[in-house]
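Undergrad: This is the structure I have questions about; it appears just below.
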Ligand SMILES: C[S@@+](CC[C@H](N)C(=O)[O-])C[C@H]1O[C@@H](n2cnc3c(N)ncnc32)[C@H](O)[C@@H]1O
């Protein structure tokens, strides 16, 4: 485990910030990176004007709910009241509202940005709302948060537009007293903007980072103890940025160069991934990438760059027998089938029977025939398959998900330390079971999309202690190792386990460990 460098991420961070656009430019593309979410991207200031009444310049009654800010507010209220997942709720609202591409991008930005920054927004708003935020109706609280987010973080939105639209919404939804209060609070914030935009200063690094970047103290505390102050701060900053969209080329059908050329024909700027072979990073606002012809034709799959590494680390060969224990929706399964040139046997299991169809749909779209989708609890798989039956077993385990906060910001507020303990216990059971199914001399790969030590380094250390038949395997394919070595994330003493953090390549935080079963 030589790539853990508490506090050692500063140098890398500088390089990354040069390589990538500013936070705000990236945020404009947030929705196109919402992977298969169906959200749409652009850099709109989102006036909602396309939905105004053509003559009076006022929102028409039938389409009033269709302004970007109304759609965002409606989504935020549902997420706050019903604990709905932000991405699912937003997709539904966007589909209903039929916003212009620009306004869909603004609504997406407002939802993710407001949820992500809610602690800092509340900290600032508490200074301005005299009766206290907890006395406000949910929708008023969410409206203030969403408007404060625009004032404090989105320089491209004229402040008066943010305030005026908030007041209009308050007038439509509430009584004059509420719109007056909203107006007063936001104008006050505008007057104190330079002070309110300062990072929060505190002697206590947990408070300083938590309040400045909007994370719960318990989470910052955990990351401080593992990654050091600079490392934890870089993780928190990167977790607030917008993810870029990326595609995995179906290598059986297309080269990366051809893929980039096809995207250029659709006026989408794309470049080859610096992290992973076969990966393409979308540089421009591309809208919903699943609606492009190439997606339907199975030329590519939407997948984060870190996630693409996992199947490459598994390195299955044509003709092998492979098991993916927790496979849905099939991103890594289909990648492994592509690497196997669609030859051999690939069993894709998931707990939930309804997810079998998701895997099958992806296999069909990509023209892959060797995938056998099954459903069952991966902690009981040895009841279904003979022991030592597979050349390669992948356990892409359910996890706390702190590596994908940019796509699911509400995880910050919904997960607890107890959730981490519970999920780590499940992972341990799944890993024990998966290990029974690997042939002697075969490969076991364990991965998560989190950066929690207990689920990652701690998990594999426990595993190695319990299973002397296994050892870590550093013989990863050279194309996987090369960019990691070049970036200084691993050295010559690499042992076979990698923790990627979101600030390293601007991709998801991921953990990957490869084990070899002794002959
Ligand atoms: C991280 S996701 C897998 C993502 C997938 N490997 C991909 O690349 O598309 C984890 C999956 O584990 C499944 N899961 C959760 N508990 C499970 C269990 N006990 N047995 C099998 N699958 C489980 C979930 O339904 C979820 O689809």
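Any Cβ shown, glycine's included, is placed from N, Cα and C.
TrEMBL lists these features:
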- 449: active site, nucleophile (ACT_SITE)
- 326, 327, 328, 329, 330, 331, 332, 350, 377, 396: S-adenosyl-L-methionine binding site (BINDING)
- 28-48: compositional bias 'Low complexity' (COMPBIAS)
- 235-518: domain 'SAM-dependent MTase RsmB/NOP-type' (DOMAIN)
- 1-66: region 'Disordered' (REGION)
Undergrad: Could you round the CA separation between residue 326 (S-adenosyl-L-methionine binding site) and the residue listed as 'active site, nucleophile' to a whole angstrom and send it over?
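TA: Distance (Cα to Cα, whole Å): 13 Å.
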Undergrad: Validating a neighbour-count step here. Other CB atoms within 10 A of the CB of residue 328 (S-adenosyl-L-methionine binding site): how many?
TA: 22
Undergrad: If I restrict to non-local contacts, at least six residues apart, and a C-beta distance under 8 angstroms, what lies near the residue listed as 'active site, nucleophile' in its own chain?
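TA: In sequence order, 306, 307, 399, 401, 403, 404, 508, 509, 510 meet the Cβ cut-off.
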